[in-house]
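Feature annotations, courtesy of TrEMBL:
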DOMAIN    9-233  domain 'CWH43-like N-terminal'
TRANSMEM  12-35  transmembrane segment
TRANSMEM  55-73  transmembrane segment
TRANSMEM  94-112  transmembrane segment
TRANSMEM  118-144  transmembrane segment
TRANSMEM  156-182  transmembrane segment
TRANSMEM  202-227  transmembrane segment
Amino acid sequence: MWWFQQGLGFLPSALVIWTAAAFIFSYITAITLHHVDPPLPYISDTGTVAPEKCLFGAMLNIAAVLCIATIYVRYKQVHALNPEESRIIKLNKAGLVLGLLSCFGLSVVANFQKTAFFVVHVCGAVLTFGMGSLYMFIQTILSYQMQPKIHGKQVFWIRLLVVIWCGVSAFSMLTCSSLLHSGNFSTDIVQKLHWNSEDRGYVLHTIITAAEWSMSFSFFGFFLTYIRDFQKIPLQVEANLHGLTLYDTAPCPVNNEQTRLLSRDL
């Protein structure tokens with residue numbers, strides 16, 4: 001049995017692979033058509049102009065669904081492992097809410113391009129990165145509180161390092177973004193898609209875009225730490241037969257037969 005066939009280990013890996021593919025395909029398309037300039041545009045800039053914006057939006061909507069499924073499964077797993085720990089229950093519920101808000105923000109970012117709906121797009125980005133960072137922080141706290149009985153120390157330290165990575169990226173992005181937008185650089189800085197080294201604010205722009213990509217990859221790294229946890233969750237589907245026919249009106253004997261649709265764990 002391959003690693004992705006063990007339990008639900010395929011779910012977080014599918015989320016990371018699909019989302020990374022959405023970024024990469026949109027980036028390659030935007031660069032090839034000269035809609036943005038290499039090497040480091042904003043992630044949103046690679047999904048602003050057609051046709052890449054169609055690909056970007058469609059793939060990120062699917063990524064949002066995968067993210068919702070991953071976050072919910074993680075919530076149910078923690079709840080099942082700690083049915084009576086009140087502190088963990090509260091943190092787990094808070095993590096679920098924050099994670100779902102982050103997924104909603106991802107969908108907003110996918111469907112409202114910054115050149116058309118800048119305010120809505122920024123709100124979606126704040127939800128995605130802000131709530132997502134808080135979600136990662138809460139899950140790291142949960143990993144700390146569940147060690148060593150349920151979680152190993154190695155898992156906690158890996159997640160803590162990823163959260164620190166995310167925090168450094170977020171701090172760099174917010175600081176340089178504030179300097180760029182508060183300085184006297186350009187009037188069209190919000191809508192600008194093409195930059196060159198001679199533009200004022202180019203260095204700040206480069207730092208911001210690098211921090212944004214770095215922060216996104218920290219999210220990927222965090223969800224990859226779920227794979228081994230999800231491998232311990234089996235998936236089964238059963239059909240309960242309460243009759244010998246599918247008619248609603250005709251009476252039929254009930255034999256309570258159970259038939260498995262999947263004979264083994266995924």
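Placement of Cβ uses the backbone N, Cα and C atoms for every residue, glycine included.
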Review point. When you check the transmembrane segment (118-144) against the transmembrane segment (12-35), do you get at least 3 Cβ pairs under 8 Å, counting only pairs 6 or more apart in sequence?
Key: no
Exercise for review: Give the one range among 55-73, 94-112, 156-182, 202-227 whose Cβ atoms make the most pairs under 8 Å with those of the transmembrane segment (12-35).
Suggested key: 55-73
Study note, to complete from the structure: For the transmembrane segment (156-182), the candidate among 55-73, 94-112, 202-227 having the most Cβ pairs under 8 Å is 202-227
Revision key, fill the gap. If one takes Cβ-Cβ under 8 Å and requires six or more residues beyond its ends, the residues near the transmembrane segment (202-227) are 3, 9, 11-13, 15-16, 19-20, 23, 40-43, 70, 74, 129, 132-133, 136, 139, 155, 158-159, 162-163, 165-166, 169-170, 172-173, 176-177, 179-180, 183, 195-196
Review point. Taking every residue in the domain 'CWH43-like N-terminal' (9-233), what is their average pLDDT?
Key: 88
